[in-house]
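Below: the structure, in C-alpha cells.
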C-alpha cells in the first residue's frame, strides 16, 4: 500500500516539511487549510491538505482537476498555486502519504471580514471588492472555467487589498453544447445558500450564469453582512428565491417548465419580484441596487454577465472604486470564516447600513449575526 501511494503522489514534489505549520485557518469536506511559513525564507503560505480518506484507487480526481485548473489560471484576482508538496507514506500515517497544495497566503476571507463589526466598508471600497470579484470571474469564464462554489468564504483578500477567487475544488472546464447534444454536468454543486435556481431545478447544461448568481448574493451580503437566502433544504431555498425574486413561471422564465424538477417540486405561486424593495433598507445606492437586481435574475439567459456587469454605472459613478489597503491596515489580525464564532440560527439583522461613510450597520457586539 505504501508503495502504491508513493507512486500516485508526485515523486518530484518537495516534502511539506520545508514549511512550518502555524495555524489551522480552514476545514471542510475538501480537507484542511493551514497558515504556514517557509522554514528558510520565512515566506507565508497557505497549505491545503488534499483529502485522501475515501480514495481507494489513488489520487482524487477532484484534486487532479483543481490542480490542472489552477495551473492554467494566472491572474491577479485568482489565487496563485505555488507548488505541490507531499509527505511520504509510512506506518505512522497508515501507509497513506498526504498531498498539499501550496498557495500564496491571503490574510482574510470575505466572510471573516463581514463577520466582524469593526470592519467597515465604504461604498467606494465595496465597489472595489465587486470590481475585483467580477474581473476574476470574467477571466476564468473567458478561459472556459466555471468556479461552481461562489460564496463569501471563497473570496480571499490580501493585506494589500487584492481580492483572489479561491477554492477551485468544484471548478470544471465548460463548453458550449454541440450538435444539439446538451452537456450533462452535475447539478450538485454550489453551497446551498448561493445556489442558483436553475441548479435547484435540476439543470445540467449550465454555464457562467451560475457563478454570476453567486456574485449577486455576495454583493448583497456586502451590505446585509449576512447571506441573504439561508435555506435549510433545496425546496426551502427555492421558496426563499421566489419570495425575493418572484415566482418561477414560464412567463418570466421561458422554458423553465422543461426543467427536470419543475413539476416535481412545490413552487411558491403569486410572488412578485421585490429584490430592490427588500434590499433598499440596506443598500442605499440606486446603482448598486440595480446591479444586484440584474445579477439575481431568475432566467440564466437574461442574467447579466461579468463583462456587462463591469461596465455597469455602479462602477462608473461617484464615489469611484477605492483601494482597500488603508482600511485593512487598521486590522492586524487575520479574519477567516473558520475562525469566527459560531452563528446562532434564526436571529435577524435589524440594523440598516448606509455605507456612504465608515458607519455601516453597527451594534455593541464585536460580531454580526450573519442571518438576513
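Quick reminder: no glycine exception, Cβ is built from N, Cα and C everywhere.
Check Swiss-Prot against the ranges 114-139, 140-165, 166-191 and you find region 'T-loop' recorded for 166-191. The recorded positions recorded for this entry are 27, 44, 149, 186, and the Cα of 186 lies nearest to that of residue 175 (phosphoserine). Per-residue pLDDT, averaged over the region 'T-loop' (166-191), rounds to 86.
Ranking the binding-site residues 27, 31, 33, 104, 106 by the distance of their Cα atoms from the Cα of residue 186 (phosphothreonine) places 31 first. Checked against residue 106 (ATP binding site), the recorded positions 44, 48, 149 differ in C-alpha distance, with 44 being the nearest. Outside the region 'T-loop' (166-191) by six or more residues, the chain places 30, 62-63, 65-66, 69-70, 73, 79, 103, 106, 109, 140, 144-151, 153-156, 199, 202-208, 210, 214 with a CB less than 8 A from a CB of the stretch.
The subset of binding-site residues (25, 27, 104) lying with their Cα within 10 Å of the Cα of residue 44 (N6-acetyllysine) consists of 104, given in sequence order. The number of other CB atoms found within 10 A of the CB of residue 25 (ATP binding site), across every protein chain shown, is 23.
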